[in-house]
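What follows is one structure encoded as C-alpha cells, with my remarks underneath.
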Amino acid sequence: MSFTFAIIGRPNVGKSTLFNRLVGQKLALVDDTPGVTRDRREGEGRLGDLEFTIIDTAGLDEGAKGSLTARMQQQTETAIELADALMFVFDARAGLTPNDRAFADFARRANKPVVLVANKSEGKAGEIGAMESYALGLGDPVQISAEHGEGLSELYDALRALMPEPDVELEDDEEIDGLTEEDFSKRPIRVAIVGRPNAGKSTFINRLLGEDRLLTSPEAGTTRDSIAVEVNWKGRDFRIFDTAGLRRRSRIEEKLEKLSVADALRAVRFAEVVVLMMDSQNRFEEQDLRIADLIEREGRALVIAVNKWDLVERQGGQIAQLRTDADHWLPQIKGVPIVATSGMLGEGVDRMMEAIQDAYAVWNTRVPTAALNRWFEQAVAQNPPPAVAGRRLKLNYVTQTKARPPSFVVFCSRADAVPQSYLRYLVNSLRGVFELPGTPVRIMLREKANPFAHKRKRKS
C-alpha cells in the first residue's frame with residue numbers, strides 16, 4: 001500500500017495549491033476564498049523519485065454540529081486517521097494565527113509524524129513568519145512557495161526522511177535538486193525585466209529575440225501588460241517577462257496603468273532573476289532605488305542593466321564607477337552585477353545573459369556545512385557580538401535553512417538583543433567569503449532552547 005500524506009491546516013493557506021503541485025495537475029479548485037475545498041481529495045503524488053498518496057483536506061475550522069463546516073472538519077479528521085504522516089501547512093506571510101496554534105496542537109495529538117510547511121515564504125515577511133513557527137514545537141519549518149514551485153528540494157528531504165526506503169535506488173548521476181525542482185538544467189530560468197517607463201526594456205528584448213516582437217515607442221508607458229517570451233541562449237532556455245514601467249505611486253493615475261503596475265509587481269514575485277533596467281542618462285534615481293529595494297525584499301536575484309549606453313561619452317573607468325555607485329546606493333545587496341547595454345545597437349546582450357545565468361547560480365547556492373561552520377567560528381572570533389547591559393551575547397551555531405535565496409538561522413542566547421549592525425556584519429562577511437554578490441542573503445536569529453527552563457518553573 002502506498003505511503004499516505006494528509007495536507008492539513010486552516011483555510012486559505014495554500015493546501016490545494018500544494019496538492020496540485022505534487023499531483024501534477026489541477027484536481028483541486030484554488031481560490032482566495034477560505035473554505036473552497038469542502039471534501040477530501042486523493043491523488044497520486046510524486047516528488048523526484050518519491051511516490052505517495054496525497055490527501056487534500058478542507059481547512060480545519062470550528063463549526064456547529066451538523067453544519068457544513070463541521071462536516072468539513074469531520075472529513076479532515078478521517079483523512080488524518082487514514083494518513084501515515086501529516087503536512088501541516090500555514091501561511092508564512094500572514095504569520096501564525098490563533099487557529100494555526102490550536103490546530104498545531106490538534107496535529108500533535110494525532111500522534112503521527114508531522115512535516116511543518118511554511119507556504120508563501122517568498123520575501124522577508126514570509127521568512128519572518130517561517131521563523132515564528134519554531135514556537136509550534138513541530139520541528140524545523142520547510143519554507144516553500146507552492147504557487148511558484150520553490151523549496152521543493154527541502155520538502156523532498158523532509159518527506160524522504162519519513163518514508164520507507166525505495167525498492168529501486170537512484171542512479172549515481174541523478175541529483176535530488178534536479179529531480180525535485182523540475183530539473184534546473186532544463187527548466188527555463190524565469191527573468192523579469194523591470195524599470196522606470198521608457199528605460200528601453202522592450203527594445204532590449206526585441207534585440208535579444210532578433211525581431212520586433214514587442215511594441216516600442218519613445219512615449220513612456222507603451223507596454224501595458226507583462227508579456228512573456230521564450231528565449232534560447234547558447235542552449236539554455238529563458239522565460240523573459242517584459243513589464244510596464246514602474247512610476248512613483250503618486251504619478252499612477254489611469255486605472256489601466258494601475259493594473260499594469262500591479263502586473264509588473266506580480267512578474268517580480270514570479271521571477272527568479274530580476275533585471276532592473278536604468279536609463280544611462282538618469283541612473284540611480286529614487287524610483288530605481290525603490291524598485292531595487294522591492295526586488296531585495298521579495299528575495300529575488302538582481303542584475304542591473306544601464307541601457308542606452310551608446311548615448312554616453314566613453315571614458316575609462318566608467319563601469320567601475322557604476323559598481324561603486326551601486327554599492328553606495330544599494331548597500332543591502334552589495335556586489336550586484338552591472339552590465340552596460342544598448343538595446344538600439346545590440347551591445348551588451350551576451351554580457352547580460354551571462355550575468356543573469358551567474359546571478360541565478362548564486363541565488364541557488366547551498367554552502368557546505370563544514371565550510372559554513374568554519375566561517376561562523378572565524379567571523380564571531382574576529383568580531384564578537386557586543387555585550388548588552390553588561391551581559392555577553394553568545395552565538396552558538398549556524399545552519400542553512402534553504403537556498404533561493406540563501407537563508408540561514410543563527411542560534412543564540414538572546415535573539416532580541418543582537419544589534420542590527422552586527423547582523424549586517426554577519427551578512428556582509430558571509431556574502432564576501434562565499435561569493436554571493438547581487439542576491440539577498442537572509443540571516444534570522446533564534447534562541448537556543450534552555451534545557452533547565454522547565455526545572456526552574458517546576459520549583460517555583
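Every residue, even glycine, has its Cβ placed from backbone N, Cα and C.
Listed in Swiss-Prot for this protein:
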type	residues	note
DOMAIN	3-167	domain 'EngA-type G 1'
BINDING	9-16, 56-60, 119-122	GTP 1 binding site
DOMAIN	189-364	domain 'EngA-type G 2'
BINDING	195-202, 242-246, 307-310	GTP 2 binding site
DOMAIN	365-449	domain 'KH-like'
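Known features from Swiss-Prot, placed on the structure.
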residue	record	Cβ within 10 Å
GLY9	GTP 1 binding site	26
ASN12	GTP 1 binding site	17
LYS15	GTP 1 binding site	30
THR57	GTP 1 binding site	28
SER121	GTP 1 binding site	29
GLY195	GTP 2 binding site	24
ASN198	GTP 2 binding site	19
LYS201	GTP 2 binding site	29
THR243	GTP 2 binding site	27
TRP309	GTP 2 binding site	20
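Calculated from their C-alpha atoms, the gap between ASN12 (GTP 1 binding site) and THR243 (GTP 2 binding site) amounts to 29 Å. Cα-Cα distance from THR243 (GTP 2 binding site) to SER121 (GTP 1 binding site): 24 Å (rounded to the nearest whole number). In the set GLY9, LYS15, THR57, SER121, none of the binding-site residues has a C-alpha within 10 Å of the C-alpha of ASN198 (GTP 2 binding site).
THR57 (GTP 1 binding site) sits 42 Å from GLY195 (GTP 2 binding site), taking the CA atoms of both as reference points. For GLY9 (GTP 1 binding site) paired with TRP309 (GTP 2 binding site), the C-alpha to C-alpha distance reads 52 Å.
Geometry remark: LYS201 (GTP 2 binding site) versus SER121 (GTP 1 binding site), CA distance 29 Å. Cα separation, SER121 (GTP 1 binding site) to TRP309 (GTP 2 binding site), rounded: 37 Å. Secondary structure of the domain 'KH-like' (365-449), assigned with DSSP and counted as helix (H, G, I), strand (E, B) and coil, comes to 31 helix, 22 strand, 32 coil. Per-residue confidence over the domain 'EngA-type G 2' (189-364) averages 76 (mean pLDDT, predicted model).
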